[in-house]
There are 2 protein chains.
Amino acid sequence: MATDQARSDASETDTYEQFEARVQRISNVGNAAGILRWDQEVVMPDEGTPARAQQLSTLSSLSHELLTADETGELLSTLESDTLDEDATAVVREIRRRYDRETSVPQDLVEEISATASNAHPKWKQAKEADDFDHFAPTLEKLVALKREYANHIDPDADPYAVLFADYEPYIDLGTAERVLERLRETLVPLIDAVQDSDAALATDAFAGEFDDDDQEALARDVLDSLGYDWNRGRIDTAPHPFSSGTQFDARVTTRFEPADLLGSLTSTIHEFGHANYTLGLPDEGYATPLGEARDLSVHESQSRLWENHVGRSRPFWEHFLPIARERFPELEDVTPEEAYEAANQVYDDNLIRVEADELTYHLHIVIRFEIERDLIRGDLEVSEVPEVWNDKYEEYLGVRPDTDAEGCLQDIHWSHGDFGYFPTYSLGSVLASQLYAAAEDDCGEFDDDIREGEFAELNGWLRENIHRHGKRYVTPDLIEQATGEELTADYFLEYVESKYGDLYDLDGY
Amino acid sequence: MATDQARSDASETDTYEQFEARVQRISNVGNAAGILRWDQEVVMPDEGTPARAQQLSTLSSLSHELLTADETGELLSTLESDTLDEDATAVVREIRRRYDRETSVPQDLVEEISATASNAHPKWKQAKEADDFDHFAPTLEKLVALKREYANHIDPDADPYAVLFADYEPYIDLGTAERVLERLRETLVPLIDAVQDSDAALATDAFAGEFDDDDQEALARDVLDSLGYDWNRGRIDTAPHPFSSGTQFDARVTTRFEPADLLGSLTSTIHEFGHANYTLGLPDEGYATPLGEARDLSVHESQSRLWENHVGRSRPFWEHFLPIARERFPELEDVTPEEAYEAANQVYDDNLIRVEADELTYHLHIVIRFEIERDLIRGDLEVSEVPEVWNDKYEEYLGVRPDTDAEGCLQDIHWSHGDFGYFPTYSLGSVLASQLYAAAEDDCGEFDDDIREGEFAELNGWLRENIHRHGKRYVTPDLIEQATGEELTADYFLEYVESKYGDLYDLDGY
């Protein structure tokens, strides 16, 4: 019996090793593609596109073939009937999920969506430039239809929007996301009303002026130094749309520099630091398996928002960082930390553009997109109705009405990529950031003094311990529950903004 | 009958399209790996290596599997029994060659060579640092044995060195290469003797001094501008060991800047321009097939050497370029074009190091390596004898004897990679460069006046027309014959150096 057991264990190990080798191959192809995309955004010469598109398409189809091969299915089935340890169980769970989804959608539909999205991008761009929604509408209709078809292949009995949402956020159910977004709308609409009615005059021009690009770059390096970025495993470059990408061995940040927007560049750098810092906290030994890969979009965004907002837009941060900024920009000599803090937290009362929004109004931009894309995918809204519904919602929730579709429903790139279900993860990320920050303070005490001293090790240690090192070991609700003792909740975010903006804008009842 | 013929044509087309799609996949995986290697050398953070090694290994094994799959063999056999046009025939010929070689070597031997070479690299580095050949000798013995075994799998009846040489230079037979190298040795040894005996005092300190890195970079961009580099499809960066890489859509140059070596940086930049310029001349429509890929190492090196030596080390080039260099470096104001020309062409009489050699002695460094590695692989020389044979040959051919193995047989990285048969292609490249340059002048007239005016379009047009645009359409001897009307010959190179150095050093009888 003992021998039989040993033999059976050995064969399980062999099967698992084969499976793991396959998973690592798939992951390495994906990571190679990540480097190619970084290169394309950051350093590739203009005319490199045709070759790069073919290289990326080849890697993507190789990865798909490796994942959906019969061997993968057989290995999964064998392993699922075995007793595995917690880590192996998690790896099997994550790959099973991808395997089931990718094998359920016919490859020609995947290719049609990809081709349609490629053509949609220039259409959307032209439509936006010409403020002509009708130019984009037929393509958007086609994308909606194709993505409904795609969702139907994955689960014909499910709400198609829930299926699409699960592409970006597999383990938070849509019901939870909807409840969170609804609470944001209910609470933020009156809060923003109050802010807009407030007589408080914030010092908003602390960073007015023109700031040299090279000095901005030096300051971006200062802020990354200060936050503890590991330069042996990272770098900073510029990109038109800042992003971060990579692995635990090499997690890179990009940012942008505009002479008149020093604050925008800094907050963007801190945001991307948050993403890269998560990646760098993933365990080395899990590289190229789900155990060394980040949880999904909402958790990733929680990390960027935590550093951007809870740290980078806090009072003590500006007490710490303003003297450093003055070294690079002596013209900031007369700015006080309080003025910097106010400038970093002003609420705009007439902003129509999501990517220019403040921390408060941002989420209503998201709620609007969420409500519209959900209704589109469910068939409750026609594409032709989008501009009017968009404008009505902006008026209702934010008190502003776009004059053009270019500054309205054509402003974002996401739908032209066929990305329906992505937007909610931005707000879920902010909500989770607040919940994690509160839990960390609960465990470690308030971080204000640390931040004032430029000490981020304890906060980051808590994040490493409770989030980063787990990779995809736990499904998202379990990860959140273990880290914070609670389900995902908007409570902490709402508490945070009500207290912060109630104070900043001197609001009655907040 | 007509219908049958049409059906047969259609099926041939289908087969060829399937084959071409397969070839493109293999090529795209290789090009993706090329980007990853560029990234590793140029921008990757220090600690990125473990992940990068896995990514590259995955891409390499995927490429191997695609190439050696049964389907590739079946497509090749089918197509070889069909009547194909010239282009398709060339693609089939090139892939057949790779298929036969890769399928004839067992994968575990390939992996053993790769693992041994990986371990050999640090051993070689340590041995070089400690000047301790014995530390490297056992690993070198193992590599020699493994590469002999490798050659034996490919062709048990052939000279194993000829088989290895064909990995780098598949279509020039080793006999031709040997004859060329022998003529170089016979002619250059007495020529260098004469130079060393000459009383001529060249102005060698035209570029003495310290030159700022940023200004050197600006000047590197100037020289690339001047030569007509296409910045929309290229870029320049620094790397410890300059190289160029990429495709016709994106061919990048690297160089290095040392304050005390302005001239070395410039010639390195021009050399790498020559490689990238070849790549950029490959036809767009052949991308990811042999028709859009460069011929092998000797032809590639002919392009870099032609620009480095025939252009960049010429008198008229310095008449053109010195005024541009003076804009960046006013301290060059008093240098004359003739002094710059002499500095760029001085022959060192005590140099032991290949990569620091001048245009003349360089080839004796190559001849020595060639003779030693050939005898090692043929079993006519023991690894333990290498240091003494090396030193003896240096004394005999170059009149200098290394005091240490670090500056002797341990100086180059190639053997630690298991690269035996690579060295000759450097000299074949120079020889071919001269032959091509002579043929181009034969067709277009002398280029001196053009170069003096900074006009390189006619020369480059000739290279585009006669070399670049053909990709791998013709085997190398045919390509050379069609471009120059002759077989590969050392005549033009020897004529060129005898005339140039006879003149510079005022030599009797030259």
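Cβ coordinates come from backbone N, Cα and C, glycine included.
TrEMBL does not curate its annotations; it predicts them automatically.
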Q.
With A:H271, A:H275 listed by TrEMBL as Zn(2+)-binding, which of these, A:E293, A:E301, A:E319, A:E327, is given for the same site?
A. A:E301
Q: For the recorded Zn(2+) site formed by A:H271, A:H275, A:E301, name the remaining residues of the chain with Cβ within 8 Å of the site's Cβ center, in chain order.
A: A:S244, A:E272, A:G274, A:H300, A:Q303, A:S304, A:R305, A:W307, A:E308, A:G429
Q. Could you state the CA-to-CA distance between A:E272 (active site, proton donor/acceptor) and A:E301 (Zn(2+) binding site) to the nearest Å?
A. 10
Q | Structural state of A:H275 (Zn(2+) binding site), classified by DSSP into three states | A | helix
Q. Which ones in the same chain are close to A:E301 (Zn(2+) binding site), with CB under 8 Å and 6+ residues apart in sequence?
A. A:T425, A:Y426, A:L428, A:G429, A:S430, A:L432, A:A433
(Q) Let me check the 10 A CB neighbour count of A:H275 (Zn(2+) binding site). How many other CB atoms are there? (A) 24
**Q.** Other C-beta atoms that fall within 10 angstroms of the C-beta of A:E272 (active site, proton donor/acceptor)
**A.** 26
**Q.** A:E301 (Zn(2+) binding site) in three-state DSSP notation
**A.** helix
